Ligand code: GLV
Ligand code: MN
Ligand code: MN
Ligand code: MN
């Protein structure tokens with residue numbers, strides 16, 4: 001029997017990023033493999049039956065796998081330099097819930113499973129929720145297999161070198177039929193629960209969000225020998241894009257636009273870049289305003305590029321429309337949890353992808369820093385315990 005804090009402590013140090021701080025755990029890298037193996041060991045130690053599906057998601061079954069199961073879980077990968085809780089808290093709370101239910105003598109009437117989704121953050125191949133998007137067929141399998149990491153390795157190649165068969169990726173009807181309801185527990189990525197002075201919330205909605213790559217191409221050249229008047233420097237429109245993204249998003253209600261990654265090619269101090277890739281993360285409460293942020297920014301970026309004699313190419317890398325979680329399920333779980341408040345979130349989750357297929361809910365655990373995707377992300381041990389107890393209660397209600 002292990003609580004979430006004890007289980008989380010076992011992951012300490014795995015994938016610790018000494019350069020950036022925090023954790024960098026990316027699908028199929030050494031750290032993420034170690035975490036997957038740890039998960040399988042933990043599941044087997046609980047007599048759960050483990051399988052890896054055709055899309056690299058790992059499942060652990062309490063009893064025989066069957067249709068209409070109650071499923072819980074999250075992910076073990078991280079953003080570059082991320083916190084210890086985003087993802088792992090949902091996985092350790094799921095394992096800990098199994099222990100709590102067993103200790104209470106509970107036997108599920110429905111099949112119950114814990115799942116670990118692959119590449120939730122898109123930290124290696126660029127598309128977030130890749131495992132759940134593949135499972136549900138919301139990304140084309142050929143496109144997914146051809147996604148490249150920064151060193152040029154494709155998702156298919158990475159999968160093959162981890163011993164899996166990339167020929168089978170794509171919508172998995174049998175696995176989907178086995179999911180009756182899905183509940184994901186997650187550290188809160190904001191200040192909602194601090195303000196409400198509560199340890200646990202249920203999720204109401206997820207913002208519409210997506211990622212776009214803006215590639216500005218100019219002329220690589222010598223930083224000293226090239227007159228300012230002779231330059232076609234793609235770093236200029238790239239920089240203007242960063243400022244314009246903030247300006248446009250600030251004018252949209254609930255709008256957010258972020259450039260968290262900008263890569264000049266070739267990237268030398270004394271080299272005018274030949275091209276700059278700028279990744280935009282844009283979000284807002286709806287499809288229309290999110291699309292309008294990107295359209296307005298694309299228009300502005302084309303002008304910035306032209307003024308510097310550069311070319312622009314814009315590619316949509318991923319998109320997910322607004323998610324409203326199943327209201328009946330949300331209210332039922334809130335009622336079970338002393339009327340836990342319902343909070344919206346700006347963060348994407350595998351639960352958001354699954355919500356289009358099956359009744360889905362999320363539980364959030366208070367984060368006293370309000371910070372996420374950074375090493376300062378936190379949850380107090382008592383709140384992690386409250387979260388695991390809350391999850392166990394929900395699972396008992398749904399599977400009992
Ligand atoms: C995932 O955490 C995201 O919202 O980017
Ligand atoms: Mn995240
Ligand atoms: Mn997450
Ligand atoms: Mn020289």
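The backbone N, Cα and C atoms fix where each Cβ goes, and this holds for glycine too.
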Exercise. To which of 86, 331, 338 does TrEMBL also attribute binding of Zn(2+) 2 at the site defined by 121, 373?
Worked result: 86
For this session: Work through the binding-site residues one by one (75, 186, 211, 283, 373) and point out the residue whose CB has the fewest other CB atoms within 10 angstroms.
Result: 373
Seminar exercise, completed: Least crowded of the binding-site residues 86, 121, counting other Cβ atoms within 10 Å of each Cβ, is 121
Problem set entry | Separation of alpha carbons, residue 373 (Zn(2+) 2 binding site) and residue 270 (allantoate binding site) (Å) | 32
Exercise. Ligand 2: which of the binding-site residues 75, 86, 121, 283 have a Cβ closer than 6 angstroms to it?
Worked result: 86, 121
